[in-house]
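A.B. asks: Shown below is the structure under consideration.
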Amino acid sequence: MMNSVTSSTGSTQAQVPEGYMKIALGQFACLIDRRAIRRNLLLLGLVMVASIASLAIGTVALSPWQVIQALFGQGDALSQFVVQDLRLQRLLAGIYTGAAFSLAGCLMQTLARNRLATPGIIGIDNAAMAFAVSSVVSTAISIAPSAMALAGAATATALAFGLAGSSGTRGYRFIVAGIGIGAIAGAMTQLMLSQVDIDTANAAYPWTVGSLSARPELMVNILGGGLLLCLVACLLLTHLFSLLPFSDAVITGLGSSTKWLRLSSLSLSIILTGLAVAVAGPVGLVALIGPEMARVFARYRGIPLIGSALAGAFIMVAADLIGRTILSPIELPVGIVTSVVGGPYLIWILIRQRSKSTI
C-alpha cells in the first residue's frame, strides 16, 4: 500500500515505495522498479556484446573496433562489406526473432499461469510453420509467408482455446490441446515437403528447423516493425497485464474486463509468434527459456516484458553464433542449438513442477 506524507506546504502527496521511482507526465504517472532497470541494462549489455561477437567472428575475422567502425560506415571496404552486407541482416533477424518469441512466451505464460504454456509447447509455432511452408510449396497459394504464418498462429490458438472448453487458457486442457494441434501441424508440414521436388523442399527447409541464414530482408523488416509496435502496446498495457496472474473475480472487481485482457495478450502473442516464425521458423524454446532467464536475472517483481525481450534476443544471437562456429565450416541451424539447451531445461521444469504438484 502507498502511504501519504505531508509536505512542508501542507499538501499531501503519495509516497513512492522503496526501490521505485515515479515518472509523471501531466495527470498520468507510473512507478518504475529501479532494480529492474539496472538488470535490464545488464541484459542489454549482454545483447550488445553478443551482437559485436556475431559480427566479428566468422570466415573473415574482425576486431570489435573494426566492427564498430564498419557499422558507422568507417574503416576499410572489406570490413564494411562483411559487416553491413553479409552479417548485419542475419544479426537483426536473430535479435528480432529472439525478442518476439520470448515476449510472446512471457505473455502466454502469464495468461495461462503456467511456465510451460509457450507458443512452441501449445502448437502455435508448428501451425505457423505449416501455413508458411504451404505458401512456399504450393503454386495455388500466392500469399506471403508472413501473412500465412500469422493465419496459422491464429488458427492454432483458436483451436486450442476452443478445445480447452470452460477452462479457457488456464488449465491443462489448453496445453494438451495445443500439443495435439502442434503434432498435427508438424505432420502436415512433413507431408507437404514429401510431395514436392527437392528444390522446393530446400526452399522451405529453413521453416522446418529454425534458421537465420539468408533471411529475406523484407520479412526481417516487417518483423522489426511489428515487434516495435507490440513492444509499445505491451508497455502501454503493462498496468493491465499485471492483473493476469489474479483470478477472474479479482480482475473484474478491479474494474477490468477479463475477456478484453485475454484477447489483448493472446493477440499480441499471435502476432509476435507468427511474424517470428515467418522469418526463422519454429525456434519456440526461446519462448520457454527467455522469460525464465529474465525472471531469474532481473528479479523483477512484476511481469518481465522488457527483460524477456532482451533475454530472448541474447539467447537467439548467442545460439546462432554457436551454431556457426562450433563445428565450422559446418553450420548448425539455430533451432537445433536452442533445442539442445531448451530440451534439458524443459525436462527440469517438468521434474520441478511435479515435485511441487503444480501440474
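The backbone N, Cα and C atoms fix where each Cβ goes, and this holds for glycine too.
Values in this document were obtained by computation on a predicted structure and should not be read as measured data.
The transmembrane segment annotation in TrEMBL covers 41-68, 88-108, 129-154, 174-193, 222-246, 266-290, 302-326, 332-351.
Each of these features: where is it, how hidden is it, and who are its neighbours?
C.D. replies: Panel annotation: around the transmembrane segment (174-193), residues 112, 114, 116-117, 120-127, 129-130, 133-134, 137-138, 152, 156, 159-161, 163-164, 167-168, 201, 204, 207-208 of the same chain, lying at least six beyond its termini, place a Cβ under 8 Å from a Cβ of the stretch.
Sequence-distant contacts of the transmembrane segment (222-246) (same chain, at least 6 residues past either end, Cβ-Cβ under 8 Å): 30, 92-93, 96-97, 99-100, 103, 107, 110-111, 113, 146, 254, 256, 261, 264-265, 268, 271-272, 275-276, 278-279, 302-303, 305-306, 309.
Long-range contacts of the transmembrane segment (302-326) within its own chain (CB-CB distance under 8 A, at least 6 residues past either end) are made by residues 33, 36, 39-40, 43-44, 46-47, 50-51, 53-54, 57-58, 90-91, 94-103, 105-107, 110, 212, 227, 231, 234-235, 238, 241-242, 244, 280, 283, 286-287, 289-291, 293-295, 332-334, 336-338, 341.
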A.B. asks: Quick test of the contact rule: Cβ under 8 Å, at least six residues beyond the ends. What residues does that give for the transmembrane segment (129-154)?
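C.D. replies: Answer is 119, 185-186, 188-189, 192-193, 195-196, 200-201, 203-204, 207-208, 219, 222-223, 270-271, 273-275, 277-279, 281-282.
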